[in-house]
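Engineer: Okay, handing you the structure first.
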Amino acid sequence: MATTISEPLRDSEAATDRDLIPPKAPNPWLAKFDRLLYGVIGLGLFLLLWWWVVASGQVSDQYLSTPQDTFAAFVDGLSDGTLGSQIWPSVQRAVIGFVIALVLGVALGILVGSFRIFQKLAEPVLLFFRNLSLLALLPVFVLFFGIGEESKIAIVVWACFWPIFVNAVSAVSGVERLLLNAARTLGAGRFYIFTQVVLPAAIPAIFPGIRLAAANAFTALVAAELVGGAQGIGIYINTASLRYQTPQMYAGIFALGVVGIIVNAILTVVEWRVTSWQRGLTSK
């Protein structure tokens, strides 16, 4: 009987001792570079799979070039200027269209979000136009603006405007009424409430729309450049495809990805600085 009783006691004492042992501290190096390490491993596995698919003959190199051939074509294109000269015009168009959409989207979004009546009036129009396919609207832009720079920039503006506008409306209309009422109680005027309460509270919620718009800019631009024009990364990719220059085609696509990463990094830094005040109020 004594043995039966002592065994559970020994087990419970062992469990108590285990609970008292502090957990092993994580490796500081791994904790600091965890995201980078897994990112490098994931990228390496992706490149290895890509190389194997082509090298093993699963996909013909006529349709998919190897990573090394793609990178070599990318470096050669930058060295001789054939690729670099096509990237810059596209970046200019994307930036101009994005800035116009940013100004219009934020301004109109704040206006509509500030007044309930405007939200009700804009809702059916918003639901209709934001769900229209950009490709379906390409002939309309060409009809109004031709195949020159104006139509390409207009297409970028259209693609970037909606995510910014929608997020701005949602952000402004979602500002806590408690904050507005507190500011009014303290005697704040409309301009002060708008600049010191509404905008700071809304900006963090607007930024996801801005980042989505930046991604849309180059997607829309490539489609616009395929319609017509002499220069642009979309034209470069399409020309390489028609000539069966597979490494050059994927080098152009790779260049688009690199530009997208750079743009996203810039916007991340801007967002970090603009919303730095918010991190002091949250645990994030």
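The backbone N, Cα and C atoms fix where each Cβ goes, glycine too.
All TrEMBL annotations are machine predictions without curation.
Below, the features straight out of TrEMBL:
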type	residues	note
COMPBIAS	8-20	compositional bias 'Basic and acidic residues'
DOMAIN	87-271	domain 'ABC transmembrane type-1'
REGION	1-20	region 'Disordered'
TRANSMEM	36-54	transmembrane segment
TRANSMEM	94-115	transmembrane segment
TRANSMEM	127-147	transmembrane segment
TRANSMEM	153-175	transmembrane segment
TRANSMEM	187-207	transmembrane segment
TRANSMEM	213-237	transmembrane segment
TRANSMEM	249-270	transmembrane segment
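Surface or core, plus neighbours and distances: that's what I need for these features.
Structural biologist: Beyond its flanks by at least six residues, the transmembrane segment (36-54) meets 30, 61, 64-68 of its own chain at Cβ-Cβ distances under 8 Å.
Residues 154-155, 158-159, 162, 166, 220, 223-224, 227-229 of the same chain, all 6+ positions outside the transmembrane segment (127-147), place their C-beta atoms under 8 angstroms from a C-beta of that stretch.
If you look at the transmembrane segment (153-175), the same-chain residues 6 or more away from its ends with a CB under 8 A from one of its CBs are 93-94, 96-98, 100-102, 104-106, 108-110, 112-114, 116, 119, 122, 126, 129-130, 134, 137-138, 141, 144-145, 197-198, 201-210, 212-214, 216-217, 219-221, 223-224.
Tertiary proximity for the transmembrane segment (187-207) is limited to same-chain residues at least six positions away from its ends with a CB under 8 Å from its CB atoms, namely 106, 109-110, 113-114, 164, 167-168, 170-172, 174-176, 179-180, 267, 271, 274-275, 277-278.
Packing against the transmembrane segment (213-237) from elsewhere in the chain are residues 82-83, 85-87, 89-90, 93-94, 97-98, 101-102, 105, 134-135, 138, 141-142, 147-148, 151-152, 155-156, 158-161, 163-164, 248-249, 252-253, 255-256, 259-260, 263-264, 267: each is 6 or more residues past its ends and has a CB under 8 Å from a CB in it.
Same-chain residues lying 6+ beyond the ends of the transmembrane segment (249-270) with a Cβ under 8 Å from its Cβ atoms: 64-65, 70-71, 73-74, 77, 83, 86-87, 91, 207, 210-211, 214-215, 218, 222, 233, 236-237, 240-241.
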